[in-house]
Amino acid sequence: MTLDQYLKWSFLLYGTVLSVSSGSSAMFWFTQGLCFLPAFLVIWSSSTFIVAYIIALFRRDVDIIFPYISDTGAYPPESCIFGLMTFISACAGIATIYARYKFVEKLSGDTRVVSPRLNYTALVFGLLSCLGMCIVATFQETAVTWVHDIGALMFFVPGILYIILQSVISYRAFPYGCSMFVCRARLFIAILAALAFFPTAICAYFVKQTTLHREKDDEDYPYHVASASCEWVCAFSFICFFLTYIDDFKLFTLRVKTEDVE
(Lines of atoms letter the chains of each structure in order from A; the text may use other names.)
(Lines give C-alpha, C1' and ligand atoms only; values in the text may rest on other atoms or scores of the structure.)
Protein backbone atom coordinates (compact mmCIF):
# COMPACT_ATOMS: atom_id res chain seq x y z
CA MET A 1 0.00 0.00 0.00
CA THR A 2 1.44 3.33 -1.05
CA LEU A 3 1.07 6.57 0.87
CA ASP A 4 -0.95 8.16 -1.95
CA GLN A 5 -3.40 5.28 -1.92
CA TYR A 6 -3.75 5.50 1.82
CA LEU A 7 -4.44 9.22 1.81
CA LYS A 8 -7.38 8.82 -0.59
CA TRP A 9 -9.38 6.55 1.69
CA SER A 10 -12.27 7.34 4.03
CA PHE A 11 -12.85 5.24 7.11
CA LEU A 12 -15.72 4.57 9.52
CA LEU A 13 -14.45 4.51 13.12
CA TYR A 14 -16.77 3.58 15.99
CA GLY A 15 -19.57 5.90 14.91
CA THR A 16 -17.12 8.62 13.89
CA VAL A 17 -16.04 9.13 10.30
CA LEU A 18 -12.37 9.83 9.68
CA SER A 19 -11.91 11.19 6.17
CA VAL A 20 -8.33 11.32 4.94
CA SER A 21 -7.33 13.47 1.98
CA SER A 22 -4.08 14.49 0.36
CA GLY A 23 -4.51 18.15 1.30
CA SER A 24 -3.65 19.35 -2.21
CA SER A 25 -6.67 21.65 -2.46
CA ALA A 26 -6.03 25.34 -3.01
CA MET A 27 -8.18 26.41 -0.07
CA PHE A 28 -6.78 28.33 2.89
CA TRP A 29 -4.37 26.25 4.96
CA PHE A 30 -6.42 26.55 8.15
CA THR A 31 -9.46 25.04 6.40
CA GLN A 32 -7.60 21.90 5.32
CA GLY A 33 -8.61 18.90 7.38
CA LEU A 34 -8.52 19.55 11.11
CA CYS A 35 -5.40 21.69 11.19
CA PHE A 36 -7.41 24.52 12.76
CA LEU A 37 -7.48 22.50 16.01
CA PRO A 38 -3.75 22.55 16.81
CA ALA A 39 -3.44 26.02 15.27
CA PHE A 40 -6.13 27.38 17.59
CA LEU A 41 -4.62 25.53 20.55
CA VAL A 42 -1.17 27.02 19.92
CA ILE A 43 -2.42 30.59 19.39
CA TRP A 44 -4.91 30.53 22.27
CA SER A 45 -2.54 28.91 24.78
CA SER A 46 0.24 31.36 23.95
CA SER A 47 -2.21 34.24 24.31
CA THR A 48 -3.36 32.90 27.67
CA PHE A 49 0.12 33.13 29.17
CA ILE A 50 1.06 36.40 27.50
CA VAL A 51 -2.19 38.28 28.15
CA ALA A 52 -2.29 37.31 31.83
CA TYR A 53 1.38 38.28 32.20
CA ILE A 54 0.89 41.69 30.57
CA ILE A 55 -2.17 42.52 32.68
CA ALA A 56 -0.46 41.41 35.90
CA LEU A 57 2.63 43.41 34.93
CA PHE A 58 0.70 46.61 34.24
CA ARG A 59 -1.16 46.21 37.52
CA ARG A 60 2.20 45.59 39.24
CA ASP A 61 0.96 42.33 40.72
CA VAL A 62 4.13 40.51 39.60
CA ASP A 63 7.75 41.31 38.87
CA ILE A 64 8.86 41.74 35.28
CA ILE A 65 11.60 39.10 35.59
CA PHE A 66 10.45 35.48 35.61
CA PRO A 67 7.29 35.23 37.69
CA TYR A 68 5.71 31.81 37.86
CA ILE A 69 3.02 31.36 35.24
CA SER A 70 0.46 30.91 38.00
CA ASP A 71 1.60 34.17 39.62
CA THR A 72 0.29 36.05 36.59
CA GLY A 73 -3.20 34.71 37.30
CA ALA A 74 -3.24 34.99 41.08
CA TYR A 75 -5.31 38.16 41.55
CA PRO A 76 -8.37 39.54 39.75
CA PRO A 77 -8.98 40.65 37.08
CA GLU A 78 -6.12 38.67 35.50
CA SER A 79 -7.11 35.57 37.51
CA CYS A 80 -10.55 35.61 35.85
CA ILE A 81 -9.06 35.98 32.38
CA PHE A 82 -6.36 33.39 33.08
CA GLY A 83 -8.90 30.89 34.41
CA LEU A 84 -11.30 31.29 31.49
CA MET A 85 -8.62 31.17 28.80
CA THR A 86 -6.87 28.21 30.42
CA PHE A 87 -10.14 26.28 30.55
CA ILE A 88 -10.72 26.95 26.85
CA SER A 89 -7.15 25.82 26.15
CA ALA A 90 -7.84 22.59 28.05
CA CYS A 91 -10.97 21.96 25.95
CA ALA A 92 -9.03 22.62 22.73
CA GLY A 93 -6.31 20.31 24.02
CA ILE A 94 -8.80 17.51 24.63
CA ALA A 95 -10.21 17.87 21.10
CA THR A 96 -6.72 17.92 19.55
CA ILE A 97 -5.47 14.96 21.58
CA TYR A 98 -8.56 12.90 20.77
CA ALA A 99 -8.32 13.69 17.04
CA ARG A 100 -4.66 12.65 17.06
CA TYR A 101 -5.62 9.44 18.87
CA LYS A 102 -8.23 8.52 16.23
CA PHE A 103 -5.80 9.23 13.40
CA VAL A 104 -3.09 7.06 14.93
CA GLU A 105 -5.69 4.41 15.74
CA LYS A 106 -6.49 4.04 12.05
CA LEU A 107 -2.81 3.94 11.17
CA SER A 108 -2.25 1.15 13.68
CA GLY A 109 -5.27 -0.72 12.38
CA ASP A 110 -4.21 -0.65 8.73
CA THR A 111 -0.42 -0.63 8.84
CA ARG A 112 0.34 -2.29 12.21
CA VAL A 113 3.15 0.21 12.74
CA VAL A 114 1.88 1.56 16.07
CA SER A 115 0.72 -0.48 19.04
CA PRO A 116 -2.92 0.30 19.99
CA ARG A 117 -1.91 0.07 23.65
CA LEU A 118 0.79 2.69 23.13
CA ASN A 119 -1.68 4.98 21.39
CA TYR A 120 -4.28 4.54 24.14
CA THR A 121 -1.70 5.18 26.87
CA ALA A 122 -0.71 8.44 25.17
CA LEU A 123 -4.39 9.43 25.04
CA VAL A 124 -4.82 8.84 28.79
CA PHE A 125 -1.74 10.90 29.65
CA GLY A 126 -2.92 13.71 27.36
CA LEU A 127 -6.38 13.83 28.95
CA LEU A 128 -4.88 13.79 32.46
CA SER A 129 -2.72 16.75 31.51
CA CYS A 130 -5.79 18.66 30.30
CA LEU A 131 -7.55 17.84 33.57
CA GLY A 132 -4.56 19.30 35.39
CA MET A 133 -4.98 22.49 33.35
CA CYS A 134 -8.60 22.75 34.48
CA ILE A 135 -7.57 22.35 38.12
CA VAL A 136 -4.88 25.02 37.76
CA ALA A 137 -7.42 27.36 36.13
CA THR A 138 -10.02 26.79 38.85
CA PHE A 139 -7.89 26.89 42.00
CA GLN A 140 -5.55 29.89 42.16
CA GLU A 141 -2.30 29.39 44.03
CA THR A 142 -3.17 32.12 46.54
CA ALA A 143 -6.56 30.54 47.34
CA VAL A 144 -6.06 26.76 47.65
CA THR A 145 -2.33 26.24 47.20
CA TRP A 146 -2.12 22.47 47.65
CA VAL A 147 -4.90 21.78 45.12
CA HIS A 148 -3.27 24.20 42.67
CA ASP A 149 0.07 22.41 43.08
CA ILE A 150 -1.53 19.01 42.46
CA GLY A 151 -3.12 20.41 39.30
CA ALA A 152 0.24 21.76 38.14
CA LEU A 153 1.86 18.34 38.63
CA MET A 154 -1.03 16.71 36.77
CA PHE A 155 -0.47 19.15 33.94
CA PHE A 156 3.30 18.84 33.62
CA VAL A 157 4.05 15.17 34.39
CA PRO A 158 1.40 13.50 32.20
CA GLY A 159 1.94 16.24 29.59
CA ILE A 160 5.62 15.40 29.31
CA LEU A 161 4.85 11.68 29.16
CA TYR A 162 2.29 12.40 26.42
CA ILE A 163 4.70 14.25 24.14
CA ILE A 164 7.38 11.60 24.75
CA LEU A 165 4.99 8.83 23.72
CA GLN A 166 3.80 10.85 20.71
CA SER A 167 7.43 11.27 19.66
CA VAL A 168 7.85 7.49 19.80
CA ILE A 169 4.60 7.04 17.85
CA SER A 170 5.80 9.50 15.20
CA TYR A 171 8.98 7.49 14.64
CA ARG A 172 7.10 4.20 14.47
CA ALA A 173 4.48 5.62 12.09
CA PHE A 174 7.01 7.14 9.69
CA PRO A 175 6.57 7.72 6.71
CA TYR A 176 2.83 8.03 7.41
CA GLY A 177 1.69 11.41 8.67
CA CYS A 178 4.86 13.43 9.14
CA SER A 179 8.40 13.75 7.83
CA MET A 180 11.57 12.62 9.57
CA PHE A 181 12.39 16.28 10.30
CA VAL A 182 9.14 16.63 12.24
CA CYS A 183 9.85 13.38 14.09
CA ARG A 184 13.21 14.74 15.19
CA ALA A 185 11.71 18.11 16.11
CA ARG A 186 9.13 16.39 18.31
CA LEU A 187 11.81 14.32 20.00
CA PHE A 188 13.91 17.43 20.65
CA ILE A 189 10.93 19.29 22.13
CA ALA A 190 10.04 16.30 24.33
CA ILE A 191 13.60 16.08 25.66
CA LEU A 192 13.68 19.84 26.27
CA ALA A 193 10.40 19.72 28.22
CA ALA A 194 11.59 16.78 30.31
CA LEU A 195 14.91 18.46 31.10
CA ALA A 196 13.18 21.73 31.99
CA PHE A 197 10.73 20.03 34.35
CA PHE A 198 13.33 18.70 36.79
CA PRO A 199 14.84 22.08 37.77
CA THR A 200 11.29 23.48 37.87
CA ALA A 201 10.22 20.97 40.51
CA ILE A 202 13.52 20.64 42.40
CA CYS A 203 14.20 24.37 42.71
CA ALA A 204 10.56 25.06 43.63
CA TYR A 205 11.07 22.84 46.67
CA PHE A 206 13.69 25.27 47.98
CA VAL A 207 11.53 28.36 47.38
CA LYS A 208 10.08 29.23 50.77
CA GLN A 209 8.76 32.76 50.16
CA THR A 210 5.16 32.80 48.96
CA THR A 211 4.85 36.49 48.01
CA LEU A 212 4.59 37.42 44.33
CA HIS A 213 7.20 40.17 44.51
CA ARG A 214 10.79 39.06 44.94
CA GLU A 215 14.04 40.80 45.80
CA LYS A 216 17.46 39.81 44.54
CA ASP A 217 18.67 39.75 48.14
CA ASP A 218 16.20 37.02 49.07
CA GLU A 219 17.96 33.84 50.10
CA ASP A 220 15.85 31.67 47.80
CA TYR A 221 15.83 34.12 44.86
CA PRO A 222 18.20 32.04 42.65
CA TYR A 223 15.99 28.99 43.13
CA HIS A 224 12.92 31.04 42.24
CA VAL A 225 14.48 32.34 39.02
CA ALA A 226 15.68 28.88 37.97
CA SER A 227 12.33 27.25 38.76
CA ALA A 228 10.16 29.93 37.14
CA SER A 229 12.25 30.25 33.98
CA CYS A 230 12.28 26.48 33.45
CA GLU A 231 8.52 26.41 34.02
CA TRP A 232 8.04 28.86 31.13
CA VAL A 233 10.37 26.75 28.95
CA CYS A 234 8.42 23.60 29.77
CA ALA A 235 5.03 25.22 29.11
CA PHE A 236 6.05 26.67 25.76
CA SER A 237 7.64 23.34 24.82
CA PHE A 238 4.13 21.88 24.95
CA ILE A 239 2.88 24.67 22.71
CA CYS A 240 5.69 24.10 20.20
CA PHE A 241 4.95 20.38 20.19
CA PHE A 242 1.33 20.93 19.19
CA LEU A 243 2.56 23.31 16.52
CA THR A 244 4.11 20.29 14.78
CA TYR A 245 0.64 18.71 14.52
CA ILE A 246 -0.62 21.25 12.00
CA ASP A 247 0.64 19.50 8.85
CA ASP A 248 -0.55 16.10 10.11
CA PHE A 249 -4.02 17.42 10.81
CA LYS A 250 -4.37 18.67 7.23
CA LEU A 251 -4.67 15.02 6.15
CA PHE A 252 -7.94 14.09 7.85
CA THR A 253 -11.27 15.26 9.25
CA LEU A 254 -13.59 13.90 11.93
CA ARG A 255 -17.36 14.09 11.79
CA VAL A 256 -20.11 12.50 13.83
CA LYS A 257 -22.34 9.98 12.09
CA THR A 258 -25.92 9.70 13.34
CA GLU A 259 -27.76 6.39 12.96
CA ASP A 260 -31.26 5.29 13.94
CA VAL A 261 -31.47 2.84 16.84
CA GLU A 262 -33.16 -0.34 15.73
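Cβ atoms here come from the backbone N, Cα and C positions, even for glycine.
TrEMBL labels come from automatic prediction, so no person has curated them.
Straight from TrEMBL, the features:
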DOMAIN    35-250  domain 'CWH43-like N-terminal'
TRANSMEM  12-30  transmembrane segment
TRANSMEM  36-58  transmembrane segment
TRANSMEM  79-98  transmembrane segment
TRANSMEM  118-139  transmembrane segment
TRANSMEM  146-165  transmembrane segment
TRANSMEM  185-207  transmembrane segment
TRANSMEM  228-246  transmembrane segment
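Most Cβ pairs under 8 Å with the transmembrane segment (185-207) belong to 228-246, among the candidate stretches 36-58, 79-98, 146-165, 228-246. Restricting the average to the domain 'CWH43-like N-terminal' (35-250) gives a pLDDT of 90.
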